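Annotated in TrEMBL:
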{"type": "COMPBIAS", "residues": "1-11", "note": "compositional bias 'Low complexity'"}
{"type": "DOMAIN", "residues": "94-283", "note": "domain 'ABC transmembrane type-1'"}
{"type": "REGION", "residues": "1-26", "note": "region 'Disordered'"}
{"type": "TRANSMEM", "residues": "32-54", "note": "transmembrane segment"}
{"type": "TRANSMEM", "residues": "98-117", "note": "transmembrane segment"}
{"type": "TRANSMEM", "residues": "129-150", "note": "transmembrane segment"}
{"type": "TRANSMEM", "residues": "162-183", "note": "transmembrane segment"}
{"type": "TRANSMEM", "residues": "204-226", "note": "transmembrane segment"}
{"type": "TRANSMEM", "residues": "262-283", "note": "transmembrane segment"}
Amino acid sequence: MATLTADATPDLTDRRTTTSTSRGRGPSPWRALAFVALLVLAVTWLVPFVWALITSLKTETEAAATPITLIPEAGLTLDAYVRTIAGGQLPLWVGNSLLTSAIITLGGVAISALAGYAFSRLEFTGKKVLFYAIIGSIIVPPQILLVPLFDQMLALNLIDTYAAIILPQLVHPPMVYILKKFFDAVPIELEEAARVDGAHRLRVFWSVVLPLSRPILAAVSIFLFIGAWNNFLWPFIAVNDTNLMTLPVGLQTVKSAYGIQYAQNMAAAMLAALPLIIVFLFFQRQIIKGVATTGFGGQ
């Protein structure tokens, strides 16, 4: 036994030495190239954001001056933020966006989860045809559906209401597909055990399946919230009343008698992006896991 131990020890030492030596050689050329590419992409995304942030901290005169300067000569000021908050309907638009985004997120997650579970576990007539129809709808550009949706909302007398903004955004075929595939991977034995104990189908879904699905549900919730918050085209069509506008729609009305106010517009854009920045900072792990798991980066 002693001989075997003595013979094995140098082998382990050699392997550790080889591993540490290979690590000490530094990153491979491909890894270095990937790092450079990611750095370029990061700079490409950050430069417009930094530029907008600095512009929002300028006076209107310096923001519109030519040639453009990065750092204002008069120093940074919060005047554009004060005018944006005090002089417009920004707080109302933020409230509208929070309300509609929250309802769309909660309703979208509930509908997508129930539909995904039904396609995963239940057997009913026309199941395959309906599922293929949902899959096919994913490749349909949303712009094609704008006119039919508007006609439906008009027929229901819902134009210029919160319902017109919310109802068409409650159904998300990509999320139904994602959750269906996730539920397929949940061991059915867990559900059968709960059924043996007397739990009905809805109880099994609520007490067994959903707790196991928290990671994917968190990712879907974040994606739906970001998509609802950023959505501009449909709320722009569905609502004309400024008191019902969401933040992205309301921002395009921020003008004055003297034309476009660049500093004020950039300040409004920064305030609009602030909730999403907070969401990303607090839930960046869930977002990254969600992108890796689902393959979707939002809508």
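Note: Cβ is positioned from N, Cα and C throughout, glycine not excepted.
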Listed stretch, out of 32-54, 98-117, 129-150, 162-183, 262-283, that has the most CB pairs under 8 angstroms to the transmembrane segment (204-226): 98-117
Spatial neighbours of the transmembrane segment (129-150) far in sequence, C-beta under 8 Å, 6+ residues away: 115, 119, 159, 168, 173-174, 176-177, 180, 233-234, 237-238
Candidate ranges 32-54, 162-183, 262-283 - greatest C-beta contact count to the transmembrane segment (98-117) (under 8 angstroms): 162-183
Same-chain residues at least 6 beyond the ends of the transmembrane segment (162-183) whose Cβ lies under 8 Å from its Cβ atoms: 96, 99-100, 103-104, 107-109, 111-113, 115-117, 119-121, 131, 134-135, 137-138, 145, 149, 153, 209, 213, 216-217, 220, 223-224, 228, 231, 234-235, 238-239, 244, 246, 294, 296, 299
